[in-house]
Amino acid sequence: MHKKVLLAILDGYGISNAIYGNAVQNANTPMLDELINSYPCVLLDASGEAVGLPMGQIGNSEVGHLNIGAGRVVYTGLSLINQHIKDRSFFANKAFLKTIEHVEKNHSKIHLIGLFSNGGVHSHNEHLLALIELFSKHAKVVLHLFGDGRDVAPCSLKQDLEKLMIFLKNYPNVVIGTIGGRYYGMDRDQRWDREMIAYKALLGVSKNKFNDPIGYIETQYQNQITDEFIYPAINANLNSDQFALNNNDGVIFFNFRPDRARQMSHLIFNSNYYNYQPELKRKENLFFVTMMNYEGIVPSEFAFPPQTIKNSLGEVIANNNLKQLRIAETEKYAHVTFFFDGGFEVNLSNETKTLIPSLKVATYDLAPEMSCKAITDALLEKLNNFDFTVLNFANPDMVGHTGNYQACIKALEALDVQIKRIVDFCKANQITMFLTADHGNAEVMIDNNNNPVTKHTINPVPFVCTDKNVNFNQTGILANIAPTILEYLNLSKPKEMTAKSLLKNNN
């Protein structure tokens, strides 16, 4: 009987020896504890240069799944754009130059839309500053900024805005048109009611207005509203023609990570909402540029076209005529499909994709169990039918992002119950489970000043195998996972997979 493998990815489950504020250490999780302490386990580096990011940069779900699936270190987004800025090729980018040509021809504006954050997960402020430097020489530039509060401290927007306002003193033709939290402008779970509020602000319509952007943020803070949840507001000092999206304008969506940029991009460029809401009619003759490939969105140009990841783990499995399953809830479905397959939406032979709906709650600390039981129920019905399965549990990451320590404890304890069900099933059916994570989060929920922490970490993640005959090398990175699984399955590793297997005495 040939081997069957389940790769379970616990999103945001990092390892730290610290006790205080560490939901991973302090939750009652007997099954996970047993796996890490009593089965073959190695810690993997999931941040910085180990995953193709700048040194010291926190890992994230997109990069984590890319590296796991690719079997090589993948340089994307942040590192790629940083290098283009450093060597100045950024300022000669064809997509940007075409945008300038378009707005000069049409005497129109350029809108820079995206997450205003130094987190480096979806975007980076240095990229925005470079765009301002480039475009302000040629046209009026309008900024539409989404507050973060998840990948950085919950109330860091004010400080970043203060720095931006100083920077903008040298660029008088650049204005801040709108400000709002990513909760509204960067949804990825089809919550169109939220996204529509942010979109209408881009069109010049909002119940909230500001004369001073920093003053508006301060008022939000006074009302206990952190950066992520700031209600979209428009600049009261400008008429709508001066800042709102209009016909013939140029648009740059400067997020390099696609998953939370797709819905807003759809509203701007592809929306058919105007069929029953005429005021939302898509603007004509927009020149719309996305920093990277936003799957499902066809812009005028990509600033940085997608690189091809040839012979990913899923592709190798398919080429060997093996059946594979991908399963996750909505929040992480793109990660076990699009990102795991190298940043492309592909349909492989003998592949089944199963999407479990995420719960419709405002924030996941209100339902910390999320959809882990429903995922497990569906998984155990199907698992025996597949040679290779990729599973993602979102709880540690999504509840970790709320900064609610007690909710994260509950999330991990609910998850542990489902992990035990899976382990028991795998043992009974001769299926080997490899368990890992894409980055850390839940292991640092409170800082030394007793403040909640909502962002990812640079801590390592576990890589566990339920086959006790396995011996791992002592250290590794996420890219080692795919070669390890291929060797375990007795499948040849393609030359494109430059990382090595972690199985001892083998390459």
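Glycine is no exception: its Cβ is also placed from the backbone N, Cα and C atoms.
What Swiss-Prot lists as Mn(2+) 2 binding site is ASP11, SER61, ASP438, HIS439, and the listing cites sequence analysis. Around the Cβ of ASP11 (Mn(2+) 2 binding site), a 10 Å sphere holds 25 further Cβ atoms from the protein chains shown.
Residues or ranges marked as active site, phosphoserine intermediate in Swiss-Prot (evidence: sequence analysis): SER61. In the three-state DSSP assignment, the secondary structure recorded for SER61 (Mn(2+) 2 binding site) is helix. The Cβ of SER61 (Mn(2+) 2 binding site) lies under 8 Å from the Cβ of ASP11, GLY12, LYS332, HIS335, PHE339, ASP397, ASP438, HIS439, each of which sits 6+ residues away along the same chain.
According to its DSSP assignment, ARG188 (substrate binding site) is coil. Swiss-Prot lists HIS122, ARG150, ASP151, ARG182, ARG188, ARG257, PRO258, ASP259, ARG260, LYS332 with the feature substrate binding site.
Sequence-distant contacts of HIS456 (Mn(2+) 1 binding site), defined as residues of its own chain at least six apart whose C-beta falls under 8 angstroms from its C-beta, comprise GLY12, SER47, ILE58, GLY59, ASN60, VAL121, ASP151, ASP397, HIS439, GLY440, ASN441. The Mn(2+) 1 binding site feature in Swiss-Prot is assigned to ASP397, HIS401, HIS456.
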Neighbour tally for ASP438 (Mn(2+) 2 binding site), based on other Cβ positions within 10 Å of its Cβ: 32
Which one is it: of the binding-site residues HIS401, HIS439, which Cβ has the fewest other Cβ atoms within 10 Å in this structure? HIS401
Which chain-mates of ARG260 (substrate binding site) that are at least 6 residues away have a CB under 8 A from its CB, listed by sequence? LEU115, HIS122, ARG182, MET186, ASP187, ARG188
Most isolated by CB count within 10 A, of the binding-site residues ASP151, ASP397, is ASP151
Taking all protein chains shown into account, the Cβ-based neighbour count within 10 Å for PRO258 (substrate binding site) is 26
Binding-site residues (HIS122, ARG188), the one with most neighbouring Cβ atoms at 10 Å: HIS122
